[in-house]
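Straight from TrEMBL, the features:
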type	residues	note
COILED	13-47	coiled coil
DOMAIN	291-499	domain 'Histidine kinase'
DOMAIN	519-634	domain 'Response regulatory'
MOD_RES	Asp570	4-aspartylphosphate
Amino acid sequence: MHHFQQTGTDDPLEHAQQELKAARLELQAKNAELERARNDLENFLSCAWTATVFFDRELRPTRLTPTLAQLLDLSPADTGELLRKLCRRLDWPSADAELRSVVGGAVVPEREVSDLQTGHQFLLRLFPYLNAEGETEGAVLKLIDISDYKLADQRLLEYRAVFECTGDMIYVFDRGYRFILANKAYLECHRVRHEELIGRTVRDLLGPAMFAEIKGRIDACFAGEEVIFESRYDYPAKGVRDILITYTPLKNGDRVDRVACLIKDMTERTQLEEQLRHAQKMEAIGTLAGGIAHDFNNLLTVIAGYASLIQFNSQGSEVASMAAEIQGSVERAAEMTRGLLAFSRKQEVNLMPVDLNQLVEGLHKSLRRLITEDIELAVEFSDAPLIVSSDKGQLEQVLFNLVVNARDAMPSGGRLSIRTERSQLNHALITVADTGVGMSREVQDRAFEPFFTTKELGVGTGLGLSTCYGIIKKHNGVIELQSEPGAGTVFSIYLPLSAQQPEAAYTGGGDRWETGNETVLLVEDDETVRTMTRLLLQHNGYRVLCAKEGEEALNIFAEQGDGVDLLLTDLVMPRLNGTELCLRIHAQRPGFPTISMSGYPADVMSRKGIAATGNYLPKPIKPELLLRRIRETLDAPRAASA
């Protein structure tokens with residue numbers, strides 16, 4: 001039985017019409033609400049950035065978002081091919097099986113899949129499509145593009161790897177000076193674990209003194225300024241290091257709430273710069289020594305010449321003994337000059353036959369002066385001569401460098417041994433051994449590297465052993481190192497033996513001087529050397545024509561060339577040097593006897609483009625040796641033509 005609302009009329013039909021109208025209005029309202037909901041859903045799906053597709057129970061697509069259609073290049077007519085296209089585009093071979101599992105009520109975990117065509121990466125999610133009664137009517141697939149996230153993750157990993165792997169120390173702290181982040185290098189230098197550091201303050205870790213030094217700079221960085229400065233800090237793991245600190249503000253909007261600190265270890269660079277400056281200073285000293293040696297050798301030549309004349313003219317008297325003492329002092333001064341040049345110069349290899357026994361013996365006094373009195377020097381020579389093809393000056397430099405190293409390794413004294421002997425495989429062996437502090441394996445591995453040194457800053461250049469290595473290598477030799485901490489060091493130098501014989505050393509002819517009556521053209525720009533040499537030659541019977549430079553000598557030779565028997569010339573002179581003078585004279589008279597001499601070391605002459613070759617005598621020259629060489633040179637053509 002129906003109950004009708006009282007409407008003011010008793011007509012049942014009218015009541016029914018009114019109720020029908022009310023129901024129709026209610027239905028229209030609900031349809032409008034459903035239409036609005038449908039439109040809202042369509043708008044939501046159209047605007048959704050996720051690619052979504054709805055499948056019915058037969059896996060037929062019923063609805064998809066424009067994002068998915070755009071992803072797969074689908075038109076409305078292609079929706080029937082959607083599942084096949086999905087399988088072809090994505091690396092998802094189990095698509096059909098997994099969708100059917102979801103329709104059947106199973107739970108399928110989300111996974112990452114890749115677009116095989118574009119390389120994009122997606123997060124794929126599957127879940128059931130339920131109706132109002134909670135029954136499964138199909139499946140829903142969502143693809144969320146995570147390519148940018150993956151790229152960001154990759155870059156974050158790369159930045160993290162750089163952050164951790166860099167040798168520079170990096171840390172980040174907040175406005176309370178509390179550590180937020182620190183890399184491996186910083187943690188290792190402070191010997192602290194990450195979890196122990198985070199939350200501590202910079203003042204707590206570095207100490208009040210260091211924090212007071214840097215606080216003003218930190219506050220300037222919090223004010224927005226990048227701050228760069230140099231400092232020095234004693235790290236628990238590395239000791240005192242020279243560092244370059246950079247504070248960089250990290251902003252959150254307009255406010256700096258964190259500071260990143262980059263610390264670069266500048267210690268090795270500082271040491272290299274200091275060593276380079278020291279090496280340049282040593283090179284300058286070497287250049288200066290070469291120039292001084294020239295003047296000094298000229299002075300010694302004059303002193304030796306006059307002392308010899310005095311000694312010869314006063315034989316048997318006390319004056320002769322005094323002159324002999326002067327000669328001995330000249331020899332010692334010449335030896336010291338040669339040692340200084342050997343220690344400081346850098347020159348091209350000039351290989352000549354050299355007896356290692358004689359070379360070491362000749363350096364004995366200089367080496368003795370080089371070491372301290374509390375070091376015993378023991379020298380042992382091979383029984384037979386050891387002839388090698390070498391640059392005598394550079395081998396002397398090697399020995400000087402090794403002896404200096406040995407001296408520095410024995411600050412409290414000890415024993416230095418130098419030994420020459422014949423080795424196997426037709427090689428000569430020079431051994432330099434000390435009883436000093438020795439070297440660790442790590443130091444030995446780097447001992448011959450340029451600029452590597454264990455000495456205090458400003459004491460060693462780190463060039464001594466690398467120079468030795470380079471010189472021995474140029475001589476086709478080998479230098480080896482054996483050492484133990486606290487047990488001393490042994491350097492072994494192997495040089496190929498030579499079949500050539502060195503020029504016999506002239507030891508003087510006693511009271512007998514070589515004389516003659518020939519005419520000598522003497523060319524010397526130093527007046528004192530020129531005067532002494534003229535007197536020496538005239539005293540021994542020679543007629544002497546003097547010139548102070550090359551052009552004057554050529555004029556004399558042009559006028560009196562037929563009466564000149566020998567040219568004795570200095571090599572380094574203004575305008576026309578001795579080498580060019582000899583060439584000009586040989587062009588006029590091939591084979592004309594010449595002797596050249598110089599007080600400059602060979603490396604200085606090489607830089608000047610002058611070759612110290614042929615019949616050459618280095619200053620200071622013993623008067624006996626000069627007279628003997630003149631006599632031999634004059635007699636040589638006669639002997640050849642006899």
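Keep in mind that glycine also has a Cβ here, set from the backbone N, Cα and C atoms.
All annotation found in TrEMBL is predicted automatically rather than curated by experts.
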>> For a quick check of packing: other C-beta atoms within 10 Å of the C-beta of Asp570 (4-aspartylphosphate), how many?
In response: 26
>> Helix, strand or coil for Asp570 (4-aspartylphosphate)? Use DSSP.
In response: strand
>> Can you work out the mean pLDDT of the predicted model over the coiled coil (13-47)?
In response: 69
> When the domain 'Response regulatory' (519-634) is classified with DSSP, how many of its residues are helical, how many are strand and how many are coil?
Replying inline: 56 helix, 23 strand, 37 coil
